[in-house]
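Worksheet for the structure shown next.
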Amino acid sequence: MEFPLYTTTLLCGVISSTLLLLLLNKLTTWEHIVPSKVPWIDRRSEPFGYLRAKCRSFFNMKENITEAYYAFNKEGRAAALAIAFGRPQIILPPKYIRWIIDQPESVLSIDPIHNEFHAFVRDGLVGDHLVQEVLRRELAGHLAHLTREMNEEIADSVESVLGVSKEWATVPLRDSMRIIIARISNRLFVGKELCRNEDYIRNAVGLGMAVMPQTLVQDLLPQLLKGPLSFATKLFTRITLAGLSGHLSPVVRQRIQDVQTAEKDQLPLELLTWMAQRALQRGESATSIEEKLIARIAMANLASIETTTNTITKCMEDMTALSNETGGYLELMRQEAHTVLEACNYSPIKADLEKLVHIENALKESLRLAVVFPGLIRQVTSRTGVTLDDGTHLPHGARISVAAYAIHRDDANWTDAARYDPSRHEKASLPMSRGSEQLLSFGLGKRACPGRFFVTDELKLLFAHILTKYEFKVIKPPVTKVGLLKELTMRGPQEQLVIRRVK
């Protein structure tokens with residue numbers, strides 16, 4: 001029996017497409033990296049099961065982490081999760097927290113994860129960790145000398161974005177906070193002139209929105225196709241970087257010249273200065289140093305803007321949504337802010353920020369409940385892998401973490417853990433910038449978030465200005481289905497901030 005030509009062609013096409021899909025599925029999955037004895041969460045017996053689990057994880061990450069924690073981690077066992085952005089993660093029980101942070105870089109490291117994000121900005125940044133080094137050392141070490149600049153930018157940006165009207169007005173909460181955070185961050189990154197340039201800030205904010213979809217698409221590509229297809233997947237990032245470069249190039253060139261010729265004590269205390277100093281000390285090529293410094297400033301923006309925006313937004317939501325329970329605490333925060341800022345005539349020094357205890361407690365509590373991902377993520381860097389004390393062997397390239405989201409909500413760690421209660425931190429001796437095995441918002445150990453000291457000062461002072469000058473409440477958007485593209489580009493429905501100036 002003979003088949004018509006079009007039928008044969010169609011059949012061959014279906015078979016070829018099926019084989020191609022199966023091959024792509026094999027090339028893009030990392031299931032082989034998870035030991036067979038480790039159980040999976042939400043990995044079903046279905047065609048393309050791993051890829052489908054990755055897609056579902058974008059919407060049910062919290063539930064998956066909770067199941068891994070209570071069904072397996074609490075029993076001392078590991079569990080595997082498919083992750084929308086990146087390789088699957090093996091969620092280890094909390095008893096391994098100290099073990100994770102004590103391992104040398106030759107055994108476990110976060111650098112391979114950083115490298116993937118560096119590649120989204122510039123291929124030449126893979127393996128370059130100068131941004132983290134400068135944030136951890138120079139920025140943290142100079143914060144006491146930067147409080148004045150930070151305070152000045154907070155006051156100006158809050159007034160510019162939130163307004164001065166004593167009539168109630170409504171503004172988008174997240175977008176407003178994003179601009180304020182971008183301005184404060186860039187005041188310390190590149191100086192006053194650029195941080196108040198609206199087009200520069202628009203590009204700095206847009207970088208995160210351009211990179212997020214790219215992280216998902218690139219992870220689904222086989223390794224052999226990542227290079228050839230990276231041009232397409234990085235298109236929007238390149239457009240945004242071009243906008244940043246137009247503003248940054250002359251500033252970067254001038255700063256390189258200043259570092260080479262000016263006295264050290266005459267150089268501005270900024271991230272760009274310290275990066276230029278280190279780059280020149282390394283002997284970086286004159287043909288690439290400018291591009292690398294621009295890319296590093298972009299990386300600093302990518303690392304700081306969205307995460308800090310999430311924290312201040314979450315805290316303002318918490319204080320509004322639970323006002324019946326925390327109304328008294330909100331008044332304590334407001335009184336504290338008035339006392340501290342009025343005593344220094346709204347020109348605080350570093351020591352004044354240490355007095356904002358109630359505000360720090362509120363931020364710390366919001367950080368505790370804001371975490372939605374696993375924490376202490378590391379990749380096995382030992383070529384021979386590493387073996388846990390229960391005999392589970394983790395091969396080279398495997399990624400491990402702990403269930404930070406669930407740890408923060410475990411009643412065994414926190415009384416009435418699901419409840420937002422800033423007063424629970426009143427007796428805590430640890431500052432917001434330091435973590436514990438029960439509070440992993442900034443990570444823990446020597447590889448904890450390098451910008452945590454800056455973020456702590458920034459958010460405390462920002463909240464103090466808002467509390468002393470405004471009345472506000474947050475209105476949540478109606479519950480609607482949001483498309484994946486809007487989620488990825490952070491353009492879904494957002495909370496509205498109803499606000500008026502009172503001082």
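Each residue's number is its place along the chain shown, starting with 1.
Positions of Cβ are set from backbone N, Cα and C atoms, glycine also.
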> For the record in Swiss-Prot, which of the ranges 8-24, 76-92 is the transmembrane segment one?
Replying inline: 8-24
> What same-chain residues, at least 6 away in sequence, bring their CB to under 8 Å of the CB of C449 (heme binding site)?
Replying inline: F442, G443, V455
> What is the separation, in Å, between the Cα atoms of N64 (N-linked glycosylation site) and N413 (N-linked glycosylation site)?
Replying inline: 20
> Taking the Cβ of N413 (N-linked glycosylation site) as the centre, how many other Cβ atoms fall within a 10 Å radius?
Replying inline: 16
> In terms of DSSP three-state secondary structure, what is the assignment for N64 (N-linked glycosylation site)?
Replying inline: helix
> In which DSSP state, out of helix, strand and coil, do we find N413 (N-linked glycosylation site)?
Replying inline: coil
